Amino acid sequence: MTDGETVETTETVVEETESSDADTKAGRPSKVQRLEAEGDIAADYLEELLDIADLDGDLDMDVEGDRASVQIDGADLQQLVGRNGEVLEALQELTRLAVYRETGERSRLMLDVGGHRAEQRTRLVALAETSIAEVKEKGEALSLEPMSAFERKVVHDAVAAAGLSSESEGAEPKRHVVILPA
């Protein structure tokens, strides 16, 4: 790499930073404000959907890390989760599309209904911990059952936190996590 290329890269970074500062000073929304707006759009969409389906639910919006999060709580919402969370996954995608339609930007919004994802995350971390112990004991790679992208991400994060590596293999719907020995 030449000195000219290094300077050019540095100037680009500075210009992007200055542009971000200028956006904030010019009254354009910050990242947190944009994520909160995503949550509001999603909540409006979901409230309308709940009304159409004649379901009662309380919506709670939050910003978790770099994504908006919406939680729906209430009685008799299992039909919004479906078997193995399939309806929840579809509802999340529809909600992301509603946000995209309003903002023109791709959303990474996470939707949870009745704490399903939180419970699922707890079960998956426990599965990962058991599987990690097996991999450490036997010293061999271990393939898990096929999982959704959300499930795989939870397992990958747990494996990384334990100091091991993992990878996803296969094609949907049979894509699965393989935990590798150290």
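Note: Cβ is positioned from N, Cα and C throughout, glycine not excepted.
As given in TrEMBL:
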type     : residues : note
REGION   : 1-33     : region 'Disordered'
COMPBIAS : 1-21     : compositional bias 'Acidic residues'
DOMAIN   : 118-182  : domain 'R3H'
REGION   : 163-182  : region 'Disordered'
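Note on the domain 'R3H' (118-182): DSSP counts are 34 helix, 15 strand, 16 coil. Per-residue pLDDT, averaged across the domain 'R3H' (118-182), gives 96.
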